[in-house]
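One structure is given below, encoded as structure tokens.
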């Protein structure tokens, strides 16, 4: 390798990155914090080893955990002149090897891959008499995946879950029955699931010396990214690949271990130097992603960690120019929190931040609905990453089916209670379940009950048919075609990504840390690491907020996440409840009915400024004209009328008849963006009707 070529590979690297790149062949452990340039370091190390003649490109196998990360690695290697190096996920690498060796070690064509294991799990559950509800099947499928990734055979499952304090979705003995039946059905159909790819690869390498020797002759240098997320099964495959050799580079950060529920363990990373005492260890702590303000907050979050990964803690050092301080905000309720977030997003966009550089991150997927609604109301496009949009979720679609069917019955009474009873058929219970998928499903169904409560507040005589119509309109409004938009994502699905502006929302105890983590110190510490991952997604702007109640007017019984205590004390000025100033949408004066002075409950009542059962002073002629105007504008904009203004917003305008922009923006649902787009038209209509009446 020429001196000039070597200089080209090392230029632009900091001293620690350079040390990792130039480390000799053999075991190397790179402890890389968030934003420290680990992918650059990995790819430059591979290129350096190839260009210096230590290994040929075709003898390198780099593995990571996502197709996106593997693709990025391949792109960078090609740019460095190393197109022949393999960069794959564990499963992709195993599949490639199995297809090659299968005819020799098994015979016949390779078995096909299972296209989604839920169907087979359902058949297995039915065969053994286990529950077959969709959310239970999802959790059973996850449980089988965890067991196989953790090298837990069916017979060992009960002891394993007891030892690890894992709560199965059904009794452990029943999980064993489903697990065994699933494996029998799969094998009979000559199918493989993703875990089988790794299990069979490991077995081939263990049991067939000639095949193992051939593979090891082909690949002599291994690089593993995100090593803190390796499972026991993946580690077994890696051991098979290595054999007695030690030409292994691992890169990871134990404080970003957030997939323990799926079998991931930082133990191999933490014990790397015990296995390889001669290993070179390099720490990457210079953060090139985030501003010093974001980096300092991230360090504070993780400095409170108490479990074993905390022992390998990396203290990040921000390398970017100074930026704005992180913002903390506490709100009375979730809709107010969402409205404030959306206003701040609009401010950032107006200042030049692209929509694609903004993310709203949350702990559970059911939290997205409030933000989907708030963004839709102001016309900001969005995309949901790592999960379906609210109305696309299977449980919501099922709920819509049963609600639509029930709407044809002559049922009278309290609409929210009718909805609650109806949704019991698809899994809504009085108390939330503890399982992952089951809890997500429960939260989505509960959100539909709360939408019924909102509807009754604005239309007291609303029935089930009216609710179904409202839900269908909302579903249509939340499905606009989007090319660029704000990202809505769970904290888990945000791993490995970054944005200019990040909003961490819903930061209350019971959500982060999640309720079922209480009493399990290891689980609580993983929740802390999840917050750390969220904070380190932000390059410049970071917003952290929480609400004291779920719905407007609700009992404010929530507390902000315990993880925030050391970041923002109770007496800090930004920890106070945020209420809008007089004249804005959530002004304190609006919290009482303008007719009877009772405290208002529900977003629609607050929007109207009166209780739903207090007399309305609506100007019907104005309301009719507003509806006609909305229909026309919606056609011009090619959006559903709901996106322009909701029925409740039009009702509030027709009741309150604002005469100036300040009065118009005081109505909930009308922010600066809608005021700018529609304010002149609406105020003109109000003035014209007022003139007629005079």
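In case you wondered, yes, glycine gets a Cβ from its N, Cα and C as well.
The 10 Å shell around the Cβ of residue 32 (ATP binding site) contains 27 further Cβ atoms across the protein chains shown. Feature annotation from TrEMBL assigns ATP binding site to 32, 33, 34, 35, 36, 37, 38, 39.
Here TrEMBL flags 11-291 as domain 'UvrD-like helicase ATP-binding'.
The average pLDDT computed for the domain 'UvrD-like helicase C-terminal' (292-540) is 83. Here TrEMBL flags 292-540 as domain 'UvrD-like helicase C-terminal'.
The domain 'HRDC' annotation in TrEMBL covers 616-694.
The Cβ of residue 33 (ATP binding site) lies under 8 Å from the Cβ of 253, 255, 284, 285, 287, 314, 316, each on the same chain and at least six residues away in sequence. The binding-site residues listed here are 36, 38; among them, 36 has the most other Cβ atoms within 10 Å of its own Cβ.
In the three-state DSSP assignment, the secondary structure recorded for residue 35 (ATP binding site) is coil. One way to see the shell of the ATP site is to take the Cβ centroid of 32, 33, 34, 35, 36, 37, 38, 39; the remaining same-chain residues with a Cβ within 8 Å of it are 41, 253, 284, 287, 288, 289. Other Cβ atoms within 10 Å of the Cβ of residue 37 (ATP binding site) number 22 in total over all chains. Among the binding-site residues 34, 35, 39, the residue whose Cβ has the fewest other Cβ atoms within 10 Å is 39.
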